[in-house]
Amino acid sequence: MSSQVRLKLLPSIKCMFDEPIQVKVAGLRPRQVVNMRAKLTDDKGVVFNSSATYRADGSGEVDLKRDPSLGGSNVGVEPMGLLCSMRPHTMHKIYLKTNAINPQVVKFSVHEEEGRLLAEMMNERLLMRDGVTRVPVNEGNIRGVLFTPPGKGPFPAVLDLPTSVSEARPSLLANKGFVVLSVAVYNKKGDNITETHLDHFEEAMNFLKQQPKVGSKGVGIMSRCKGSNIGLALAAFVPGVEAIVCMNACNANVVTPLYYKKRQILSSILFDESKFIPTESGAIIIKDALEDPLAEKNKGSLIPIERAKSHFLFAVVGDDLNWDSEAYMDEMVVRLKHHGKENFETVFYPGAGHMLEPPYAPHCPSSFNAGVGKRVLWGGEPKAHIAAEIHLWKKIQDFFKTHLSCDAAQTKAKL
């Protein structure tokens, strides 16, 4: 390494996972061209990395907040581009954080054009603030993880419904002052599922409401994709859902029939495999393969959200290659309006893809889809996707703070 080249991560080498950092390099030759790299290993052992080329200014400095990448994993001025543009060494892998206790460590490095290392530094990205607790829950039908903020509360409660086990979203939301129980739709026992039971998720809701620090009368729900099927059904059939975030949701129940109190309440629509489009990458495009929810034979799969008393936040994207989430949102909005409802708001991100996550994780353009049992393309133009995640993450927090009522008297009654 060159002793005069200095890599700086500001304001500190430690930060919260969803907070940006400023990456700067000093001590280079004026106008020197360098290659900057980032590398991490996720909790499943998958290695992700990125690289981009930059030219130093007349003072021998590079500032990613100011200077454009000239080529590589990302192009143009993108302060967090090295992080968000990371790609896995093995194709079609999604970044996974399955234990939020351990910070994500990212190695940033600066290299000469020929490859010689000039400087490197580690960035620790924390998922849990001091005082946040993480408790695995294995009770009755509940398999999940409970995150609780420090302090006496009372705090509003949120049920997080990821498609597969992931702790980034719930832990980061707990940092903002919410008690969050995360219960994955598909867990280790989720293979060969032929039916889904809403009762199991109602059980999780009730468990969450009984937590000592919870002060909200009902719960919020955070969901995407198949998780939104469960969330919307809870809002429609189970009392106590005050607010629900639906990211790229379908308006109908998909893949497996939904049961509640030992009877089927929703049929399911399926994917037509003859409409799958193969790609050279080995992943498929399934966007146009899902049956029409509005077809007469599928009316029993439509989720009756007009019955819900919840507030809805629908977030959809313009480059969803999983299904037509924009059309599904439009249909739900029309239906709510037809029933005189004004309990919803919408947000649309034109260039983003299906896999919306908290910032600043590596964007996932393709991975295994548990619903179809194949590797699929999710879509998303990287720069637009990053911007969407930053905006939506703040929007979600504001939405829950607005619509989840909190009552200190309720908390005292539990203690």
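Backbone N, Cα and C define each Cβ position, glycine as well.
Because TrEMBL annotations are produced automatically, they should be read as predictions rather than curated entries.
Listed features, source TrEMBL:
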ACT_SITE  Cys225  active site, charge relay system
ACT_SITE  Asp320  active site, charge relay system
ACT_SITE  His354  active site, charge relay system
DOMAIN    197-405  domain 'BAAT/Acyl-CoA thioester hydrolase C-terminal'
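Structure coloured by features recorded in TrEMBL.
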{"residue": "Cys225", "record": "active site, charge relay system", "CB count, 10 Å": "27"}
{"residue": "Asp320", "record": "active site, charge relay system", "CB count, 10 Å": "24"}
{"residue": "His354", "record": "active site, charge relay system", "CB count, 10 Å": "26"}
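Across the structure, His354 (active site, charge relay system) and Asp320 (active site, charge relay system) are spaced 5 Å apart at their Cα atoms. Taking the C-alpha positions, the distance from Asp320 (active site, charge relay system) to Cys225 (active site, charge relay system) comes to 11 Å. Taken together, the residues in the domain 'BAAT/Acyl-CoA thioester hydrolase C-terminal' (197-405) have a mean pLDDT of 96 on the 0 to 100 scale.
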